[in-house]
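A short write-up of the structure that comes next.
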């Protein structure tokens, strides 16, 4: 009997604790609602409507954030996806192309995620405006690719840029240079959400402005926001009205994410007659990709699992290249009609990413984000396609930039392809030290980009510069210790070499 009483009192105390937590949650939601209403009153008449949509979207996300506890996946339910749910690209390609490529292409809209700044590479303004090859920017190359398609097949594939409030103004200024290109370019903006104080969980912003003290009070809430923002912009309905059926979504800094006609044909003319609503391009993991999100089978559906969702005890297992062999490239093909249906049903479910930041003044804040690929489980008949590594060529650092600027790649109509002169299809591993982090410093340290056709691995650390016509082969490690400087002379050929110490070349 005493055991029963103990269990009952324990249950009652747990029930009381959960009731208390529920009251706290409701109070907090009410406080946030009041703060958001105060912020909305500071919006001008032309800002009011879209600010209200943004703040309503934030409230929904915040409500979900308060409801969720602990890791969002039950590790025991994670299974490898069934064989037929991830198709090899070779199988898709083997079907060939239809005679009417132009009619298939005319059903497509290309969307590039263009919300990021170039700050990690020491550049101001949108990352898409950084020069990556022969003075062409990411945006230039994208426009060239789509113009080439439209001219070759006499089609009308539009380009849509999802900007953020950080990139919109600068991007729009530059777009006029493409007025004479055969590409219709549209833009829409990601939502703008308020950062919240890590302790109080209340918005840091006091008004809608984005200047002065308020500059750091707002953030774009991750690319998962594309579904709501695209819908709210009116572009979704416009394209459906024009007979478009699919969007191809990718990061603008992934130079491998070109329109693939074989994948598009598979979407438009499926072999089993059943259309896919969502296709995610995945590729094989290497040791460098262990943190990338992977496709799994979860409760009978394909699901993207990110490292942040994995319980700590299973992180090493998640990183295992032998168990989880593929990762998400963020190249996605999505049905427009399905996006419209799910958005109107409020049925797009994406896990919340909680991103902790420290503002310049030292205040700890969190921002709530979502990822576009996480919505795969909300769509019907989803599919993964295991594509060649060449479709994943992101430029996140100057080490990546060195690769794409080199003779490892040739440029044709805005697309980069691996040089036929390279004997192996793999990309060299390049690690440039902190002296090369900023694009400006990086460019100053290379008189010309070295020949890297036979390179396997390059590590550079410290104060190092490269003369013209340098050739790097095999494994090359160059380390200038603190206070030393190494100048690699013009015409030098370094093959399987370690260079250290001090080597100065001065003008006579």
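Backbone N, Cα and C define each Cβ position, glycine as well.
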Which of 179, 328, 330 belongs with 115, 116, 223, 251, 252, 253 in the substrate site listed by Swiss-Prot: 330
From 38, 91, 438, the one Swiss-Prot labels N6-acetyllysine: 438
18, 44, 461, 500 - residue that Swiss-Prot labels as phosphoserine: 461
Which listed span Swiss-Prot calls region 'Oligomerization', if the choices are 353-404, 457-508: 457-508
Swiss-Prot annotation, phosphoserine - which of 102, 128, 209, 448: 448
Candidate from 79, 87, 190 that Swiss-Prot assigns to the same UTP site as 113, 114, 115, 116, 127, 222, 253, 396: 190
Nearest recorded site to residue 253 (substrate binding site) by CA-CA distance, among recorded positions 127, 222, 438: 127
Candidates 396, 426, 448 (recorded positions) with Cα within 10 Å of residue 252 (substrate binding site): none
Pairwise CA distance, residue 222 (UTP binding site) versus residue 438 (N6-acetyllysine), rounded so that it is a whole Å: 24
Nearest of the recorded positions (127, 434, 438, 448, 461) to residue 116 (substrate binding site), judged by Cα-Cα distance: 127
DSSP three-state assignment for residue 115 (UTP binding site): coil
